[in-house]
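As recorded in Swiss-Prot, the features of this protein are as follows:
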| type | residues | note |
| --- | --- | --- |
| ACT_SITE | LYS175 | active site, proton acceptor |
| ACT_SITE | HIS294 | active site, proton acceptor |
| BINDING | ASN123, THR173, LYS177, ARG295, HIS327, SER379 | substrate binding site |
| BINDING | LYS201, ASP203, GLU204 | Mg(2+) binding site |
| MOD_RES | PRO3 | N-acetylproline |
| MOD_RES | LYS14 | N6,N6,N6-trimethyllysine |
| MOD_RES | LYS201 | N6-carboxylysine |
| SITE | LYS334 | site 'Transition state stabilizer' |
Amino acid sequence: MSPKTETKASVGFKAGVKDYRLTYYTPEYQTKDTDILAAFRVTPQPGVPPEEAGAAVAAESSTGTWTTVWTDGLTSLDRYKGRCYDIEPVPGEENQYIVYVAYPLDLFEEGSVTNLFTSIVGNVFGFKALRALRLEDLRIPPAYSKTFQGPPHGIQVERDKLNKYGRPLLGCTIKPKLGLSAKNYGRAVYECLRGGLDFTKDDENVNSQPFMRWRDRFCFCAEALFKAQAETGEIKGHYLNATAGTCEEMMKRAVFARELGVPIVMHDYLTGGFTANTSLAHYCRDNGLLLHIHRAMHAVIDRQKNHGMHFRVLAKALRMSGGDHIHAGTVVGKLEGEREVTLGFVDLLRDDFIEKDRSRGIYFTQDWVSMPGVIPVASGGIHVWHMPALTEIFGDDSVLQFGGGTLGHPWGNAPGAVANRVALEACVEARNEGRDLAREGNEVIREASKWSPELAAACEVWKEIIFEFETIDTL
């Protein structure tokens, strides 16, 4: 041991346990442009002061452990430690606080969501001194976001590939989600695309099961979309789910999709994992494939208000890891999603620069610089009567995806697709004429149904179907 090292390691070291706040609570700290900033919702155990709880989060998600260690003297804690720099009580909640933590950029591997999350949402979430812990938001500095490729292509490139502008895109998840043979599955794909949809989709749990192996499904779906393209003169796509049990198998499926000449593949990014997702996103950019992302398992992580991680963080992570579409709730359908909160993370997916706005749950200003945007997908319990609201809420840069709302049409799959396309075109035309879809939406649909029997039949079937439940994901 050199004299210099010996002195650094031994001078000032005192074994034992001391409060986290003595080292990691630094309210005087001025955050840097290069810091990664986190907003945690912290519920301390009884008797634990908020300063100690906040400092514990900063410590256990960065350089700290439960006791002092002599190896602290071999490095510069001031350079590498996370810092709890602000604490504010949550209005209306007893013993709950928003804790702000700043992390030095050098704590994280470049271009790795996996490494970022392993630290910030790792073991600290099981820390006994906390009753509950939720990550509400992250500020990703450009110095870090620029180390990621991001989405394979982005919104503008996708529109150019599809030659479709000025309206939301239409999709449909093939149902029943499990049990169809590959040929019957392909038939449903063809009928929906021929009827006017832009995309059809594998359900998230369709991988390669005994009733339908992946290669058979890929072949029949490719045949269906090329036939529909020839008949309609429009570019069509089917989200071929490449998710698999190993990264090697996932990549093999993506390669086969490219060889078939289809425009888009799909991945379940949370169950598949960020490492696999980032690898697939890089392949998709290099080989001209669009990448649709499903968020299966997200509600396990994000639905509880006081513990876990808000979906806006998962959305930011996906934009960095890579995806051209991601499911983002509907506001009006069967799945969870409060309007202002949903639109907050929709903006975080699509826009280049998003201002801090606590009324929408956005804790930090986020500058994505030149990273491409992600198209939000509205899917889950929606039908033709929802079309005006969806068009008004999500705007043109979105995918509106009707599964049961297409395949449940009383006349069949193709008429279901026709009904949705007519409803969408009517809403876009009405909006472009200056009509208020929020107030006049039902009238727009009724007018369009007079000259579309397919839409009229859909309107009759679903005229009383609503999903009225109290939203859990509120501010």
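Think of each number as a place in line: the chain as shown, counted from 1.
Each Cβ is built from the backbone N, Cα and C atoms, and glycine gets one as well.
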>> Assuming the binding residues for substrate are exactly those in the record, ASN123, THR173, LYS177, ARG295, HIS327, SER379, what is the maximum CA-CA distance in angstrom, rounded?
In response: 37
> If you count other Cβ atoms within 10 Å of each one's Cβ, which of the binding-site residues ASP203, GLU204 has the most?
Replying inline: GLU204
> For LYS201 (Mg(2+) binding site), which of these recorded positions sit within 10 Å, Cα to Cα: LYS14, ASN123, THR173, ARG295, HIS327, SER379?
Replying inline: THR173
> Over all shown protein chains, what is the count of other CB atoms within 10 A of the CB belonging to THR173 (substrate binding site)?
Replying inline: 24
>> Between ASN123 (substrate binding site) and LYS14 (N6,N6,N6-trimethyllysine), how many Å separate their Cα atoms?
In response: 26
> Can you tell which of the recorded positions THR173, LYS175, LYS177, HIS327, SER379 lies nearest to HIS294 (active site, proton acceptor) in space, using Cα positions?
Replying inline: HIS327
> At the Cα level, what's the spacing in Å between GLU204 (Mg(2+) binding site) and HIS327 (substrate binding site), rounded?
Replying inline: 11
>> On a C-alpha basis, identify the one among LYS14, ASP203, ARG295, HIS327, SER379 that is nearest to LYS175 (active site, proton acceptor); the candidates are the recorded positions.
In response: ASP203
> Minimum Cβ neighbour count within 10 Å among the recorded positions LYS14, LYS201, ARG295: which residue?
Replying inline: LYS14
> With the Mg(2+) site defined by LYS201, ASP203, GLU204, which remaining residues of that chain have Cβ atoms positioned within 8 Å of the Cβ centroid?
Replying inline: THR173, ILE174, LYS177, ASP202, ASN205, VAL206, TYR239, ASN241, MET266, HIS294
>> According to DSSP, collapsed to three classes, what secondary structure does LYS175 (active site, proton acceptor) have?
In response: coil
>> Counting Cβ atoms within 10 Å of each candidate's own Cβ, which of the binding-site residues ASN123, SER379 comes out highest?
In response: SER379
